[in-house]
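Engineer: Straight from Swiss-Prot, here's the annotation block:
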BINDING   H112, H116, D304  Fe cation binding site
BINDING   L136, V137, S138, G139, G140, D169, G182, N276  substrate binding site
Amino acid sequence: MIVLGIESSCDETGLAIYDYSKKKLIADELYSQVKLHKKYGGVVPELASRKHIAKLNLLAKKIFKETGLSFEDIDCIAYTAMPGLVGALMVGATFAKTLGLIHNIDTIAVHHLEGHLLSPLLDHNSNIEYPFVALLVSGGHTQLFEVKEFGEYSLLGESIDDAAGEAFDKTTKLLGMGYPGGVEVANLADQATDKSKYILPRPMKNKPNLDFSFSGLKTAVLNTWYDEQDQSLENKANLCYAFQDAAIDVLVSKCAKALQKTKNTRLVISGGVSANKLLRHQLDLLAKNRGYQIFFPPMKYCTDNGAMIALAGAYRYVNGFKDSNLEINVKARSPL
């Protein structure tokens, strides 16, 4: 069973083809709009939608040409329907529905977060058994789930204000750095010369619940930098280190609590921030010290991509889900 996946929820235009029977990704194409939006310091929704319109058909032609497949080989077309930028979602959904109608192929709406949650399965060495705890950590979401079976997601905790990735992005703006924030902060943190110069708060780390808060950490960065007399690149690197260390410390601590609370031994990490080297290192240490299994997506599939949508669509399709009509129903916000 072969699925074409379409991702257009924000500023990445992604198409991929996944073979469920072989558990194999056949092809994957991605167009990133980072350079387009960088000069604005963030994603401009109208520009994102227009670029999706310009690129989707081109990527589709390329992916079929390179694989030698045709639409006759496709059993289902999966597309991101929620959450995301409504205009961008509409472009992808309309493209998918149109292809389905023309070629008489079933279509299926996919939740963007479900795509991220399943993305570690794109690693051929990942054989994840249920149940497990999942941390979805990105620019838009920071959430902990207990996953008992496919489609059974119990929310354990989430950010009550900024998402972790959003805090990274806002920190780069406060420090006059570039976009996107996660990469900029991590790279500069690696250049820190005095890792103990700044001590920042760990919001909600010691709270018994599994919720997060990163707004206060962001404010602490702002106040610390405002009061700093020597705003040199060296001190900027030291502050980036302190910020990253605090944010990662909170994420790892909450993951440990979630595993203890649910009595699970398997942990899945996904979303854009899952590419962070320090986060991966600290969670690997946690797993090693306590005998847990931990699963990450391949690095190239941490951020938004069509491969995870094709994968999630395949799992939904074999579980009996598919669109019943041509109605397009996309949502800016939607819980998993």
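A Cβ is built for glycine as well, from the same backbone N, Cα and C atoms used for every other residue.
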Engineer: With every protein chain in view, how many other Cβ atoms are within 10 Å of the Cβ of H116 (Fe cation binding site)?
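Structural biologist: For H116 (Fe cation binding site), the 10 Å Cβ neighbour count is 30.
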Engineer: In angstrom units, rounded to an integer, how far apart are the Cα atoms of H116 (Fe cation binding site) and S138 (substrate binding site)?
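Structural biologist: Here the two Cα atoms lie 10 Å apart.
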Engineer: For G139 (substrate binding site), list the number of other Cβ atoms lying within 10 Å of its Cβ atom.
Structural biologist: 24
Engineer: If you count Cβ atoms within 10 Å of each one, which of the binding-site residues D169, D304 comes out on top?
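Structural biologist: Answer returned by the neighbour count: D304.
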Engineer: Among V137, G140, all listed as binding-site residues, which has the most CB atoms within 10 Å of its CB?
Structural biologist: V137
Engineer: Is D169 (substrate binding site) helix, strand or coil when read with DSSP?
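Structural biologist: For D169 (substrate binding site) - judged by DSSP and reduced to three states - the answer is helix.
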